[in-house]
Amino acid sequence: MTTLRVAVLGAAGRMGRTVVEAVQDAPGLELVAALDRDDDVAALADTGAQVAVDFTVPSVTEANVTALIRQGIHAVVGTTGWTDEALDRLRTELAAQPQVGVLIAPNFALGAVLAMRFAAMAARWFESAEVVELHHPDKADAPSGTARHTAEAIARARSQAGLGPMPDATTSAADGARGADVDGVRVHAVRLRGLTAHEEILLGNPGEQLTIRHDSFDRVSFMPGVLHAVRAIGDRPGLTVGLDQLLDLG
Ligand SMILES: NC(=O)C1=CN([C@@H]2O[C@H](COP(=O)(O)OP(=O)(O)OC[C@H]3O[C@@H](n4cnc5c(N)ncnc54)[C@H](O)[C@@H]3O)[C@@H](O)[C@H]2O)C=CC1
Ligand SMILES: O=C(O)C1=N[C@H](C(=O)O)C[C@H](O)C1
């Protein structure tokens, strides 16, 4: 079996530490670099890394991935905060390195990926849909990347089905009481000590409610998805958004 040489960026962080352990324990993978703040990503090629996993912070992830692409290193990215404009800039970078693959995924937990897919399937059949995400209080961004992605998928499905705005008679609300508006879908963010990463999608019709809930109790829940992506990304040049694209979900 040939060995795949892997680097981890953000290696001192909560996710980075878990990824380092997972790569060290995974058959066929070799950890060749573990970088954090102040390490030079632009010199990573010297380590022989073929794939790099980025769990850093929204303000640096684009610069990291750009540096990886320019060195011909595939990237598996879990860091949140990607905008459409930033993704377009990556596509331009990738056009100059057509053999390189980049995966950006808001959530690597298989259950979360399925929850997002189920929510998109269900969205057209319900009058109302709202998303509640619940996380540890050390999280920097709100709402979560997963909740944004979920809300965007719900909005797309509603628009394709010709559904209009959801019923909501609110005319007076305290700041933030109705959550953030993501493409017309309300998203609520809870931060609570003891939590890891959780999401509930609430779908309502007259007389019924469907609740889709996913819980990551531990960061090991993200590792099968991360390792699957590390192994698959070399055969998938260009930009891929969402782990579902690598899971053959139909
Ligand atoms: N896609 C997914 O499945 C998941 C995504 N995340 C996302 O991953 C990101 C990281 O989350 P956590 O590990 O909880 O955060 P964290 O704050 O524990 O870790 C971030 C790490 O990045 C390091 N860092 C900062 N600048 C850097 C740079 N220029 N180069 C290399 N490292 C740098 C920090 O020193 C820190 O060690 C967040 O955006 C979070 O939302 C978190 C969990 C799962
Ligand atoms: O910061 C986290 O912890 C998580 N971040 C990702 C997100 O913002 O969606 C994925 C997961 O929710 C954990």
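Our numbering is plain: 1 for the first residue shown, then up by one each step along the chain.
Cβ atoms here come from the backbone N, Cα and C positions, even for glycine.
Here TrEMBL flags 5-108 as domain 'Dihydrodipicolinate reductase N-terminal'.
Within its own chain, Arg14 (NAD(+) binding site) has Asp138, Arg219 as residues 6 or more apart in sequence whose C-beta sits under 8 angstroms from its own. In the three-state DSSP scheme, Arg14 (NAD(+) binding site) is classed as helix. Per TrEMBL, the feature NAD(+) binding site maps to Gly10, Ala11, Ala12, Gly13, Arg14, Met15, Gly78, Thr79, Thr80, Ala105, Pro106, Asn107, Phe108.
If you look up TrEMBL, you'll see 111-247 marked as domain 'Dihydrodipicolinate reductase C-terminal'.
Secondary structure from DSSP puts His135 (active site, proton donor/acceptor) in a beta strand. Annotation for His135 (active site, proton donor/acceptor): same-chain Cβ neighbours under 8 Å, separated by at least 6 residues, are Ser144, Ala189, Val190, Arg191, Leu192, Leu195, Thr196, Ala197, His198. Among the features that TrEMBL reports, active site, proton donor/acceptor is placed at His135.
According to TrEMBL, the feature (S)-2,3,4,5-tetrahydrodipicolinate binding site maps to His136, Gly145, Thr146. Summarising the environment of His136 ((S)-2,3,4,5-tetrahydrodipicolinate binding site), the number of other Cβ atoms within 10 Å of its Cβ, over all protein chains shown, is 14.
For Lys139, the entry in TrEMBL reads active site, proton donor.
Look at TrEMBL and you will find 158-177 tagged as region 'Disordered'. For the region 'Disordered' (158-177), the number of residues in each DSSP class (helix H, G, I; strand E, B; coil) is 3 helix, 0 strand, 17 coil.
Under the DSSP three-state reduction, Phe108 (NAD(+) binding site) is assigned to coil, being neither helix nor strand.
Gly78 (NAD(+) binding site) sits 10 Å from Thr146 ((S)-2,3,4,5-tetrahydrodipicolinate binding site), counting Cα to Cα. Remark: Phe108 (NAD(+) binding site) has Gly78, Phe222, Met223, Pro224, Gly225, Val226, Ala229, Leu243 as non-local neighbours, by Cβ distance under 8 Å and separation of at least 6 in sequence.
Counting other Cβ atoms within 10 Å of each Cβ, the binding-site residues Gly10, Gly78, Pro106, Gly145 show the lowest value at Gly145. Closest to Ala12 (NAD(+) binding site) by Cα-Cα distance, out of the recorded positions His136, Lys139, Gly145, Thr146, is Lys139.
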